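Over in TrEMBL, the protein carries these features:
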DOMAIN    37-500  domain 'Major facilitator superfamily (MFS) profile'
TRANSMEM  113-134  transmembrane segment
TRANSMEM  146-169  transmembrane segment
TRANSMEM  175-192  transmembrane segment
TRANSMEM  204-222  transmembrane segment
TRANSMEM  234-253  transmembrane segment
TRANSMEM  324-344  transmembrane segment
TRANSMEM  356-378  transmembrane segment
TRANSMEM  385-406  transmembrane segment
TRANSMEM  412-435  transmembrane segment
TRANSMEM  475-495  transmembrane segment
Amino acid sequence: MTSEPLLSDSNEKRCMISLDNTIEVCIGDFGWSQFVQAILVSLAWVFDAQQSFISVFTDALPTWHCINNNNNNNSSCQMYKNICDVPKDTWKFDLPTYTSVVSDWSLECSSSVITGLPASSFFIGCLVGGFVLCTLADSSFGRKNMLVISCLIMSITGCVTAISTNIWMYSVLRFISGFGRATIGTCSLVLSTELVGRKWRGQVGIISFVCFTFGFISLPWIAYLNKGNSWRVLYLLTCFPAVVYSIIVYFFVHESPRWLYLRGHKEEFVETLKRIANPATRRELSSSFFEALFIDLEKNMSVTASRDLDLYSAVRLLIEKGWALRRLMTLVLIGFGVGMVYYGMPLGVGDLGFDIYLSITLNAISELPSSLIAFFLIGKMNRKGSLFGFSLLSGICSVGCALVEGSEGLKWIQMGLEMVSFFSACTAFNVLLIYTLELFPTCVRNCAVSMVRQSLVVGGALSPLLVALGRNNSLFSYGVFGVCSATFGLFTVWLPETKGRLLCDTMDEEERLLEQAQVVDLK
């Protein structure tokens, strides 16, 4: 007695409706193969986090102390807190000069523009790379290849950064590193979520954020263990493993089956689905099923696919379609507000008077529960309500952090508000990216997620200026962060809910889904 084929006539008919249903039948059940793939792909976020915040340690102004040289200048040295206000022969750095870029190249009295140039160059590189590379994963290169290329650019440049001879060479290399880094998180997130069915999409996406958290947490510990050694060693410790990781991804990670199908790579599409599928499902996948799928979908998608997948056409599609542009602009504004808090808090927390290693560690630790909460609850969380709630909470606590400034007795309360604000911003960050990849079809998904990530980076790029302005009055830093986060979070009311819905693959499919939702609303 033979068992009924998995893909019977009724099942075939149902699966041919859309590529999403086909994905559900083949890889909807989460197995070990998908788990290993998700972990491998998500590990890219570890290196992404380390390079995003490494300048906090490599470019820091080292601590210093007055030295006893038996002259009157020593007593005057004790009166000043600014290293540039005292004679050079009356003070000394606590650690060797090669531990920081600032002390290594005698930049301690240079302008903030010069000392902040490497960090700014990195973020500018992220912005440029995001716009230049954002559509390549949707069009010609694919998610996997772009992930490998981006990781290699960032990591190899990081290794070369260790031999920089001056601030200008260092800044240029940081720009190139940021340029490569721009699409790592996007490609990793999109690829990992397109390798699983809709039931596990949210949880797999959150794995990426957990990896980012571990990368963030690991950085102050690596920096602390490297304390007293050259800042160049820190770059090698964080970048060389990323080179090895890129090679592993190239040989062991599968390309997105959705992207393979839309690009016409039929044989690779079928082979990828069979490799990822559970053994029981794999044995029952018939070649006739895939043939029927290709015939049915080619009739509906041949015109749109060829038009939608030209190089850089994803940007054009997002601009031409009114609904897509409205969604994108709304998400970009929300991302800008969240990004100001997310990137600004770690930069400004040092002004609260805590040890830099402790401060960054506390912020990193507060990000971990946000990732875990999102991991376990993303399947139950409404995207709109969660994004709005966490953006608002982050804004309120950030403003509160500014309002309690000045009282020594409220110092720990201020730190607590800062951690809650950062925790909320982290959770909003996670939900925002999951929400974005669900709001856009496969043909433009990577581009849309990349643009939203760039809005987060734009908010982060403005944060150092606000932190500098807020050193005497936190309303200019934490206050502005909070107002932007809460205000832009209100824009979620114009977005549709995506919890549990199908992932569309073409703009036409998304428009049909939108029309159906409008009909339901009218009823």
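Even glycines carry a Cβ here, placed using N, Cα and C.
TrEMBL does not curate its annotations; it predicts them automatically.
Note on the domain 'Major facilitator superfamily (MFS) profile' (37-500): mean pLDDT across this stretch is 82. Most Cβ pairs under 8 Å with the transmembrane segment (324-344) belong to 385-406, among the candidate stretches 146-169, 234-253, 356-378, 385-406. Distant neighbours of the transmembrane segment (113-134): 51-52, 55, 59, 61, 101-102, 107, 146, 150, 167, 170-172, 174-183, 186, 314-315, 446-447, 450-451, 453-454, 457-458, 460-461, 464; these residues of the same chain sit at least 6 beyond its ends, with a Cβ under 8 Å from one of its Cβ atoms. A contact between the transmembrane segment (204-222) and the transmembrane segment (412-435) is present, since 3 or more of their C-beta pairs, 6 or more residues apart, lie under 8 Å.
Packing against the transmembrane segment (234-253) from elsewhere in the chain are residues 37, 40-41, 43-44, 47, 50-51, 54, 57-58, 144, 147-148, 151-152, 154-156, 158-159, 161-162, 191, 219, 222-223, 226: each is 6 or more residues past its ends and has a CB under 8 Å from a CB in it. The list of residues near the transmembrane segment (412-435) in space but at least 6 beyond its ends in sequence, with Cβ under 8 angstroms from a Cβ of it, reads 189, 193, 201-202, 205-206, 209, 213, 331, 334-335, 338-339, 341-342, 345-346, 349, 352, 354, 362-363, 366-367, 369-371, 373-374, 378, 381, 383, 386-387, 390-391, 393-395, 397-398, 400-401, 404-405, 449, 452-453, 456, 478, 481-482, 485, 489, 495, 498.
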